[in-house]
Amino acid sequence: MKCDLVVVGAGPAGSMTAKVAAEAGLNVVMLEKRQEIGDPVRCAEGVSKAALRELVEPDPVWVSAEVKGARIRAPDGTEIVISEDRAGAEVGYVLERKVFDRALALDAAEAGAKVMVKTRALGLLEEGGVLTGVSAQFVGESLKIEAPLVIGADGVESKVGRWAGIDTALKPKDIETCAQFLLLDEGIDDEYCEFYLGNEIAPGGYVWSFPKGQSIANVGIGVLGSKANSGTPVMLLREFVKKRFPEGKILEMMVGGVPVSGPIETTTADGIILVGDAARQSDPITGGGIINAMRAGVLAGDIAAELVPKGEVDKTSLQVYEKRWRETIGKSIARNFAVKEFFVDLTDDDLNRLTHSLDGIDIAQLDLRGLLKVLVRQNPKLLLKLRHLIV
Amino acid sequence: MLLVNRYKCGYCGACVGVCPAAALELVETWIEVNDDCISCGRCTKICPLGALELTKEAQA
Ligand SMILES: Cc1cc2nc3c(=O)[nH]c(=O)nc-3n(C[C@H](O)[C@H](O)[C@H](O)COP(=O)(O)OP(=O)(O)OC[C@H]3O[C@@H](n4cnc5c(N)ncnc54)[C@H](O)[C@@H]3O)c2cc1C
Ligand code: SF4
Ligand code: SF4
């Protein structure tokens, strides 16, 4: 099989790349190793409304719920409330990813991309040192797909970069290891996303409750890999649920890993572009990766459409991708990585103190960056190291 | 040797993402381990469910 562009992985990053490239006229093949796109889900499904709307028209079919804002709870129980609507904060919609991911793949297909499920990329094809495509397994049969450019949109378990000599292996301190229950409980706040902080609750991470309507929520935990041990996330999540939602009924469970490494050194090689979690573009503070994956997909799709017809797909030509993503989403990823590196070592006392320092300040309309600014202003000593980051 | 408890595994791919030897692969609902495994133990600590275990080579 021959085409202009192979996209490996049909998550939000892959589908956006495939859609944009196909719309611009490229002959695109997108491979997905699972037999069902988007399932099983590995996500808490929260996204910013404003950011999502810039990328795709929201469809009630894949929006589970809309929230009014976020509550952040310090270890001692003190609460901060941030409203969603004014400032385009980090939350707003809670999605149904099973449906959402498939809808994005459908958009790509409608734009002309060929989608192949139960098709796993196995390695890169080469001829005389030049990349010529990928080898794959399609429902158990081997298959060669020739293309001058390969997009690695293969998520946290990405191999495409490694095949091309980019070491994307995540250090334990650069991954949040997560567990989540779909929980039914009267105590679920249907209107707010909740975040619980504390070194006992979730070392180097947090517990979240993202409501899906009718007293059901994604209640999950992320623990920093370097602070985790075998099975820590699911154990701590059970403890949390027992305390906070003792009558809670677990309707689904899932586990996963989110990269929090900050920008990696390189996301391109000759004939290769990495996008989304494969490029470790998820946000190091929130662990949110959907929006960045989609934005990177748009950039990569545009660039592929521009460069493939010209035959300019060597690493040097692909620097335009490095430049564009690092100047856009890369800026907040880099800043938030530095902030995360600092925050994961704070004690519960520090976290409580920070929360109390916001007493009497109107923060309802702030986004994450605005909130950090206020925190630095109120806690100049404790947050001295962050001052240069927050301008 | 690395043992995968397939009855525990939630097929999330987190272990694959941290393996420095690229010795792991997630195929639908199972984890494959190849000969490149250097028994570093990183994946066992990362697994959210505790489905991975390193055993002494003698037992293999
Ligand atoms: C517990 C948890 C909670 C999260 N919560 C949120 C949240 O609330 N909000 C948010 O924005 N983000 C969240 N994230 C992060 C978010 O899920 C990811 O950032 C997002 O899915 C990244 O999209 P992607 O397209 O890069 O990768 P993915 O969605 O992971 O897609 C990659 C695809 O590639 C496929 N693939 C892999 N290898 C191959 C191969 N060799 N051949 C073919 N196909 C292959 C995979 O099967 C997969 O379908 C969360 C993650 C976790 C684990
Ligand atoms: S990290 Fe654990 S649960 Fe996830 S795929 Fe690996 S063995 Fe399975
Ligand atoms: S023990 Fe180390 S080398 Fe072996 S599979 Fe796990 S992470 Fe990879």
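Using N, Cα and C of the backbone, Cβ positions are placed for all residues, glycine too.
FAD binds A:Ala13, A:Cys43, A:Ala44, A:Gly46, A:Arg97, A:Ala121, A:Asp277, A:Gly289, A:Ile290 as TrEMBL records it, and from the list A:Glu32, A:Glu57, A:Glu110 the residue named for this site is A:Glu32. The most crowded of the binding-site residues listed here (A:Ala13, A:Cys43, A:Ala121) is A:Ala13, judged by how many other CB atoms sit within 10 Å of its own CB. When Cβ atoms from all protein chains are considered, those within 10 Å of A:Gly46 (FAD binding site) total 23, not counting its own. Across the range of the domain 'Digeranylgeranylglycerophospholipid reductase catalytic' (A:174-258), the DSSP-based residue counts are 17 helix, 42 strand, 26 coil. Cβ-based neighbour count (10 Å, all protein chains) for A:Gly289 (FAD binding site) stands at 26. The secondary structure of A:Gly46 (FAD binding site), as reduced to three states from DSSP, is extended strand.
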